[in-house]
């Protein structure tokens, strides 16, 4: 027993010595004259050969900083700001436009409430809550299904740049249709206005579906270095330009741009109330014009990667092999993914993808790892179907709740802005306050913990909605039929801001971590498509919301809030149990990826194989 304890005490020192010897050995083998170890994207007097890849010892010892970020990256973020500002400014007023009937005394017939009506909301078509909920959910559903097409086109056929260009075109046409739908003649003929609105919704969804999955990957493409690089400063100090931290900074700026744009929907909320819907729909189009202008200016400075058609071809072939034969048995015994590994295929005598046509196997073992990681990520994404419902996924119900409360001259759809405002405030607090504090005390706030914590916080927003809706029913002059009551309940609508604040706080943990996992566990050539797979969860949420639309009416609205809140909390518990060892799985995946990289490099050097495979996945987009 004494001997065993002694060995256990000394083992870390032995491991450390062996590790240090290994690093020294690897450093000795490092070729400082090999041009492959240098990048000439940046050259100066202190770095005459360019930036250099770090040795293993340098990777552990040198100070790490954020690398040079091109101004074109920030210009693309401005494009995202303008696109999201126009999108949210439009969608934020759709509920009032569709649900509420125009007041007979509305000035000029534009939909604004008459002067002297502090608690009245703007209205136009008067189609009711169910129609408003159905169409807003249709917009959400289509806006997050079209990215699957946009991601495929961006990765495999027309490329990301052309996909974005077509998205801009469809988006501009959509804003024109919204303006046509808001003129007095269209509002007076509610069916005509509704038809124009539906066309605009479909067109806007197509534009968003082409832009959204391709713009963020294009932004990340602008970072010049593919790996960590060593830079010598004028002081003589050598530092590492950390690719992970640099991509994290870019992504945070991008995410901040999204929410600043979303916050600007406050302008259209007041436009619809003070003037009418034509101005409320015209302002987003003006914002949208920024997008093509900035894209035209920044185009010559962009690094645009061509589409890689072979990627999707290989994915389809791999899936065909995986689901051939008795795949159910392989799923059961844990050999499902091994079946498509070229090494396993050769071992069982399969040297062609298609024996009859003698089609060659065009992928490597690492392809299987990449696709497996993508599918594993999608398992987590499935939980976001419920999360999105809690995260203002039933926006029409929340807007309707606020409309039944005392507004005191504030537009009922203004409160949606508490979501982006909370994110704008909270993200810097997390990045520069909470997370560094946790690191100081060596508390590892693991990805699965962040996601589950976000789910719990977001579920509290629906519990708050349950309490408020119950209070409205109890205090409204119309009792449990308060939605369309002419007199509001004597409860200040500002209390409803808690719904949006809590949901946004949950989003800061759950959403940003999901982006991180999506990009960490997917090959770069499939970034757009994997991002689209995450977005499509919102489409499933919208479909589920459409399914429960018949229940979205008095006197049952408070039970809807409670059910979604409890479902979100339950998802957090189940997901934590299922993915408790997620960090260990990710570490094993990283080790497996490095092993496959070494094997393929050795085989290529020996001339055994010449296989194109994806470059390494982005390590993280959020630290």
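Start at 1 and count along the chain as shown; that gives each residue its number.
Glycine too: its Cβ is placed from the backbone N, Cα and C atoms.
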Per Swiss-Prot record, range annotated transmembrane segment [choices 107-127, 191-211, 212-232]: 191-211
Range among 385-405, 469-489, 595-615 that Swiss-Prot annotates as transmembrane segment: 385-405
Swiss-Prot annotation (transmembrane segment) - matching range among 79-99, 163-183, 310-330, 331-351: 163-183
Residues flagged as region 'Disordered' in Swiss-Prot, choosing from 31-58, 255-282: 31-58
Long-range neighbours of the transmembrane segment (191-211), counting only residues six or more past its ends (CB under 8 A): 83, 87, 90, 94, 97-98, 124-125, 127, 135, 138-139, 142-150, 153, 163-164, 166-175, 177-178, 180-182, 185
Helix, strand and coil totals (DSSP H, G, I; E, B; other) for the region 'Disordered' (31-58): 6 helix, 6 strand, 16 coil
